[in-house]
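Down below is the structure, laid out as structure tokens.
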Amino acid sequence: MNSSAPSHTWDNVFVGTVYLLANIIMLPIYVIFLIIFVRKEPYRSSMTFKIMFYLGVVECFQLVSGVQSGIMSFLDTTVHYDFDMIGGALNCVGLFGRPLFLLILALNRFVNLTRLIRSRKNEKIVFSVLLAIASLATFFGFAYRITIGKAHYYLGYDIYRPLKTTGAAAIIKHITVGVDITAIALATLIYFGVFAFIIYKRKTTRMLALLKSTDIPVIAQGIITLSHAAVVKCGTGHIFVSMLESRPANIAYIIWLETMTLINPLSYLILVRYKDAGVSWLYYNTQEFAKKLHQVHQTAHKFDFDEQGGTNEQKLLLWDEFKSCDCFTKGTKETCLWS
């Protein structure tokens with residue numbers, strides 16, 4: 001039922017070990033980041049980090065599926081039918097949900113940089129609606145995989161693959177893959193636009209450092225995810241199957257997938273580290289102004305940049321960033337996120 005190719009005990013143990021190491025290491029890291037985003041300022045007050053929280057939840061589902069993959073490959077058995085089927089559904093949550101939330105994250109970055117939506121309230125409403133739509137779509141993807149679109153674990157290939165589908169199930173499969181490719185392609189294009197915009201408009205060392213810590217990792221993940229979706233799309237023909245039939249290519253593909261799994265947690269790590277180091281001085285030195293939002297622009301000259309050093313031009317650029325970023329909702333303790 002679960003494999004049309006002979007099992008390879010020795011390399012299944014190797015692949016299972018790769019799965020277990022990558023996913024067991026990354027899962028607690030993700031959980032820690034999600035807790036940070038929920039409990040700690042400035043993360044919980046930012047729509048950008050709210051989107052990253054949803055993205056992290058989706059990634060956690062796929063990591064759980066990766067642990068299941070590792071167990072089944074390492075033991076060279078699919079263990080239990082329901083265990084196998086749920087793992088396939090969780091895997092779909094990651095593969096289908098990630099492009100949707102990456103697209104929303106790219107749109108959020110674009111909107112914040114261009115100030116396309118002037119009202120913060122309207123911006124939060126728009127992105128909350130988009131998050132709700134993406135969440136529902138991801139849930140329906142999960143429901144599809146545990147009903148008419150079941151995916152099972154093939155020990156001969158060490159990956160989840162859907163059964164041969166016909167009728168409505170086949171139509172839904174093509175729609176989900178098409179949505180994935182479209183979403184991640186748009187996200188990648190938007191992020192390249194953001195990349196170019198920042199380099200053109202923000203030529204200070206500070207902004208380039210931020211670019212390296214936030215946008216570049218997401219661009220990399222977008223390209224890899226786009227490549228993955230394209231490979232899966234090829235599964236409608238013979239390219240994907242032909243690749244899987246070659247065991248070395250099959251194992252290389254799995255290692256590539258697990259490398260992709262590591263990218264987003266590592267980018268979160270860089271981002272959190274940068275945010276804590278890069279905005280802590282600004283956060284703590286501007287708390288006294290939080291209750292005087294209407295006076296911020298009138299008291300710009302009172303903000304003390306002397307301790308930060310640099311030229312007057314650099315100080316003015318930094319102050320412009322301070323005025324334009326996602327700062328200070330009245331009555332709360334938000335800080336600049338440059339995102």
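Backbone N, Cα and C define each Cβ position, glycine as well.
According to TrEMBL, the transmembrane segment annotation covers 20-39, 51-75, 95-113, 125-146, 181-200.
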Leading contact stretch, 51-75, 95-113, 125-146 vs the transmembrane segment (181-200) - CB distance under 8 Å: 95-113
Other parts of the chain folded back onto the transmembrane segment (125-146), taken as Cβ under 8 Å at six or more residues beyond its ends: 47, 50-51, 54, 58, 85-86, 88-90, 92-93, 96-97, 100-101, 104, 107-108, 117, 162, 169, 172, 176, 179
